[in-house]
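Novice: Encoded as structure tokens, here's the structure I'll be asking about.
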Amino acid sequence: MKHAVLLALLSVALLGACTPLRKDQPTQTVASQRSVAAMDSGRDIVLAVTNPQDPPPSHAGSTMLGYVSSANYGAGQRAISELKAMREHYGWREVTGWPIKALSVYCIVLEPPPGMSRDDLLAALSKDDRVALAQPLQDYNVYSAPAPQAHEYNDPYANLQRGFVETEAPAAHTISQGDHVHIAIVDTGADLSHPDLQGRIHDTTNEVDDNAPAFSRDPHGTEVAGIIGAIGDNHVGIVGMAPRSRISLYKACWYPANSPDGARCNSFTLAKAMAGILDTDARIINLSLGGPADPLLDKLLRQLLEQQRIVVAAMPPDGSRAGFPDSVPGVIVVRVSNAAPAPAGVLSAPGKDILTTQPGGGYDFTSGSSMAAAHVSGIIALLLSLAPDLDARSVHDLLLDSSKMVGGAPQVDAAAAIRELRDARSASHR
């Protein structure tokens with residue numbers, strides 16, 4: 001008797017395996033050929049029906065396990081039956097289907113029949129007791145920023161700006177150009193009428209003298225101001241690292257008559273300039289200068305740092321960090337990029353053969369850590385424009401961590417720093 005029952009069950013299984021597919025059950029292969037890209041979120045509907053997982057009773061045309069080789073793979077007999085009946089009633093075209101076991105439902109994407117709007121079909125389905133869920137097919141976007149493409153400036157010398165190009169400033173400028181960030185430059189005077197600086201320096205203070213012609217003839221301040229803030233897309237000359245920042249210039253250094261040693265400053269003029277900055281909203285202070293340690297200047301500098309200013313200083317040519325302003329903790333020290341390892345914590349930036357503005361409306365190449373510091377001040381303005389709450393330590397670490405290898409040594413990278421900043425901010429909001 002037991003053998004007879006077993007034989008009967010096997011016969012049923014074999015019979016089911018040989019049974020041809022019904023017309024209402026298109027093959028899974030055909031269904032899978034329908035591209036997801038062909039789905040239309042303005043037209044299609046997602047519909048779900050209850051899909052209990054209890055095995056159905058066996059009968060001719062099915063197996064003991066309820067397997068059906070069809071587009072409704074994973075659907076139980078109840079789901080298949082209900083979908084077939086509704087398809088015949090409403091006339092939709094099924095695009096694809098899939099089971100969601102965790103919810104005990106079987107879902108399909110369907111296209112409404114010709115002559116029937118999606119809204120009308122959804123309204124009808126909402127009243128159908130066989131429907132567990134019916135909703136529009138919807139589109140979603142991933143929240144990742146597109147890779148920045150370099151801004152193409154019409155300034156004729158932009159591609160000759162070694163520092164501008166090497167630090168990936170054109171790519172960085174697609175995201176930030178330093179808007180609303182105030183940079184104070186303590187330096188010599190500058191040519192305020194230069195075509196690339198006209199209107200860019202909003203405030204000037206002369207702590208040296210009242211000699212306006214000498215102010216406009218000073219090269220060093222003109223060079224630094226051009227690197228930081230030269231106008232972009234004016235069909236003239238170069239582009240600054242932060243062309244939309246706000247710049248204040250404090251003349252605390254001057255060129256002694258008949259001296260080949262360049263500009264000089266002293267405790268008095270520097271102290272007056274720094275005291276003046278204390279009463280402003282400048283976030284970045286560029287000090288492309290240096291000298292011996294000075295108690296008064298150190299006190300003023302510490303006060304500025306306590307006010308959350310970010311101070312950028314040029315490293316002396318001899319590499320010493322024992323003087324002003326480099327020795328004050330919290331100051332961001334910058335050297336000219338080269339193959340030699342940088343001292344701990346010191347940033348490297350382009351500072352050799354840098355094309356920048358010159359008095360009289362011209363341009364020329366210049367070198368030195370003063371120019372390297374100016375590049376970093378400009379990059380910091382790009383960062384603060386995006387994240388005004390950044391402090392000096394965070395900025396320093398961000399620039400150091402995002403530096404890229406150039407000539408065997410790390411060098412600041414404006415675009416990489418912005419990407420790292422945005423990634424960090426996105427992660428913190430998840």
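Every residue, even glycine, has its Cβ placed from backbone N, Cα and C.
From TrEMBL, here are the annotated features:
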ACT_SITE  ASP187  active site, charge relay system
ACT_SITE  HIS220  active site, charge relay system
ACT_SITE  SER370  active site, charge relay system
DOMAIN    178-404  domain 'Peptidase S8/S53'
SIGNAL    1-17  signal peptide
Novice: Give me the mean pLDDT over the domain 'Peptidase S8/S53' (178-404), rounded to a whole number.
Specialist: 94
Novice: 10 Å Cβ neighbour count around SER370 (active site, charge relay system)?
Specialist: 27
Novice: Please compare the active-site residues ASP187, HIS220 by how many other CB atoms fall within 10 Å of each one's CB, and tell me which has the fewest.
Specialist: HIS220
Novice: Between ASP187 (active site, charge relay system) and HIS220 (active site, charge relay system), what is the CA-CA distance rounded to a whole number of Å?
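Specialist: Cα-Cα distance, ASP187 (active site, charge relay system) to HIS220 (active site, charge relay system): 7 Å.
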